[in-house]
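Colleague: There's a structure below that I have some questions on.
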Amino acid sequence: MSNQVNQDFNFEQEEGRTLKDYIILFRSNLPAVLIIMIASLIISVVYALRSPDIFQSQSAVKITKTGGNILQSPLTPEFSDFGNDRFIANEIEILKSYNLRERVAKALVDTFLSLGQPKEFDLLFDHSGTFENDSKKLISIPDLIAKLGKVITVEQKRGLDIIIITAESHSPEEAALVANIYAKVYKDYNLEINRDQLTFIRKFLDSQRKEKREQLNEAEEILRNYQEKGGIIALDAQANNLISQVSDFEAQRNAARIELLASNEILSKYKDELQKQDPRLVDYLESAASESYIKALQEQIAELQLNRDLALTKSYQDETVKLKIAEYDKKIKDLKSKLDEKIKVLKAGIFASSPEEVKSLSQKIIEEEIKNGSLRIKLKGLEDLVAKYEERFNRLPKTSLDLARFQRNRESLEKLYTLVEERYQEALINEQSQPGNVLVIDDARRPMYPAKPNRPLIILVGVLIGFGLAFAYVFTKNYFDNKIKTPEDIQKKNINVLAWIPEIEGISINGTSKNEFVVALTPDSIPSESFRALRTRVQFSRPDKENLKTILITSPAPQEGKTTIALNLAGSFAQSNKKTLLLDADLRRPRLHQIFGKDKRPGLVDFLVSGDNLDLFVLKTNFNNLFLMTSGTLPPNPAEMLDSKQMENLLSLLRTKFDYIIIDSPPIVAVTDAEILARKVDGTILVCSSEITEIDMFERAIDLLKNDNSILIGTVLNNFSTKAGYGSYYKYYYYYSSRTHN
C-alpha cells in the first residue's frame, strides 16, 4: 500500500476575508444581531417617547464697537477683521460670565414674582410645578446661576456682528422670558460699562455741588451778619471790580482743583485695571504722556488761555483787545491741533493685536493723562494769577478790607458753585446721551413647537448604535471563536472538502438515536442526498478504484459525528449494490452495535484473539449489501491490538470479501488508535462538526495524518446548518439535489 500523502497540507495560504465572509458571519449570527438591534430600537423608542419636550426661544443683539478701533495702527489695516472677531469673542465671554448670569438670575426672580400668577416654570423651581399649597419653593440664586449656564447658548451669527441668545426650557413661556431678560440685562450692563466714567464724574460733581452750595450759604450768612452789625455796607467801584476779578479767578482755580481731583480718581482706576493685565504698559503710557513736547504744548496752551481770560476781564474792550483775544483763540486752536496729532501718534504706537480691553484702557489712560497734565499746568497758572491779585487785594483800605474779604469769598463761592452746577448738568446730559454698543434687534417669541427631543433622530441613532453593538458583538465573538463553521474554513487550510452534511433531526448530542441511519430511514431526505454525494466523491477520489476499499473514518475530538458519517457512508455504498462492511474499530466507546440492536460480542477483538472463521464475526443487517462487525470484547490495550499483525491480515482478508470496508475509529487527537489504523487503510476521511470542532484541533489532526504519511481522502463537515446563514449556495445545492432525487 502506498504511503504517499495525496494532499499538500499548507496552513499558511489563508486569504483575507472577503465580503462574502462578512455576510456569512452576520447571517450565522442573525438571531443575536436581531435581538441586539431590536433591543436597541425598543430602548431608543422608549427613551424618545419618555423624553420631555424642550422649547427653544432666541433673542438677537447687534454689537458695534464704540468709536471703532482707535488704537489700531493705520499702517496695519489687515488686523481690523481680526480685532473685530476678538471683540465679538470678548462680548460672548461676557455673556457667558458668572457676573452677568447672576444679574440675569436676580432679574428673572424679580420679574417672575411681579407676574402675580402661577407659572409652570421649572427653571425657577427645584421641581417643575406651580404654587400648589405652597409646596414649591423658588430656586436659590446660586443654583439658578448654575442652571442658566446649562440652558443658555450664546453664538455669533456667521460673518455678522450679531449674537444669538438661545434659551431652553420645558415651558415655552419661560424660554421666551429667559431669552428676553438675558438680552435686556446684557444691554443694560453694556450701557452701564460704557457710562462708567461719565457716571463717576456725574456723581463726583453732584457731591461737590452740594458741598459748594453749603459753603456758599455759609459765606452769604457771614456777609449778612457783618453788614447787619453796622459794618460798611458797600464798597467803591474799584474795590468791587477787584473783588469780581479775584473771585472769578478763584472760582476757576477751585473748579480746576475739582476737575484735577476727579481726573486723579479716574486715572487711578484705569491704571489699576491695566496693572492687572499688562503692568509694563502702565509705565510706558505714563512716560509717553509726560513727553517734553506734549508738556511744552500744554504749558503754551495754558499760558495763552490765562492771557485770554485776563483780556476778557478788562472792563473796556476796544478793537485792539478784541483782535488780541482772536489771536489768542487762533494760537490755542493751532496748539490743540498739534496736541491732538501727537495723541493720535501715541495711540497708533500701541501694538495693534493687543487684546481689545487692553487697547480700550490704554486709550482712556492716554486721554486722561493728557487731560490731567493740562489741568495741573492750568491749576498752577491760576494759582499764580490768584496770588498776584491777592497782593492787590491786600492793599485795599483797612476799613473796607474785612467787607471785601467777606464779599470776595461769597462771590468766589457763588461763581464756583455756578461752574460746578454747569459742569454737573453737562455731565448729566452726557451720561444720559451716552449710547451703548448693544442693540436688541429681535425679541424672543413664545415657540409653538418643541425643539427637542428630535425623536426620529434619537430612534435613528438608536438603530445605528444597535447595529454598531451587533457589529462589535459579531466580530468580538468571531475573534474569540476558534471553531470551524463553514466549508470555506476548511478549504482555506488547503484541505479538500468531500461533502457537508446538514443537521439530522432527532439525533441527540451523544448520538444514541436510531434516527441517525438516515440513508435507510429517509432515503429521499437532504441528508441522504448529501451522503450519496459523499459516496460519489469518495469513489472518484482515486483513479484506481480497486485500490480504495478500506476507508477509515475518524475525527479530531469526540462527539463530532464520525460514527454517523461512517454508518451512512457504508449504507450509501450498500445502496449502490456494493457489498459493504461496517467495521467498529472504536475499541474504547463503540456504538455501532447499539444502532443495529446487536450484541458487541463476538466482534473484532474476539476475532483477532481467536482467529476463528471470519463468517462467525460478520453480521448481516436488515439493509441489503450492508454487513456489520462489532467491536467485540473491549481490550485493556486497544492500540497494541490494532497495531498487531492479525489486524493487517484481517484487513487483507476483508478486501477479498467486500467491495468497501468502512472503519469507525476513535478520535485521532485523543488516542493513537486512529493513527495506527490510518497507516493500514487505503484512505482516511476526517470528520469535523460545524460550530464544535476547534481549528487548532483540526490542524493538529491534519499534522498527525501528515506525519504518519497517511492518505487523506478529504474531510466531511458534519452538522452544517444552512439555516444559520452560511450562504445561499449550500441551500441551492441541497434544494436542487432533493428535487432531482424526487
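Backbone N, Cα and C atoms are what each Cβ position is placed from, and that goes for glycine too.
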Colleague: According to TrEMBL, which stretch among 372-430, 490-548, 549-607 corresponds to the feature coiled coil?
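Modeller: That would be 372-430, per the coiled coil entry in TrEMBL.
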Colleague: Among 110-168, 287-345, indicate the range for which TrEMBL gives the feature coiled coil.
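Modeller: Result: 287-345 is the stretch TrEMBL calls coiled coil.
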Colleague: Across the coiled coil (287-345), what is the average pLDDT of the model, as a whole number?
Modeller: 76
Colleague: Counting by DSSP, what is the helix, strand and coil composition of the domain 'AAA' (561-678)?
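Modeller: Taking each residue of the domain 'AAA' (561-678) in turn, the totals are 52 helix, 16 strand, 50 coil.
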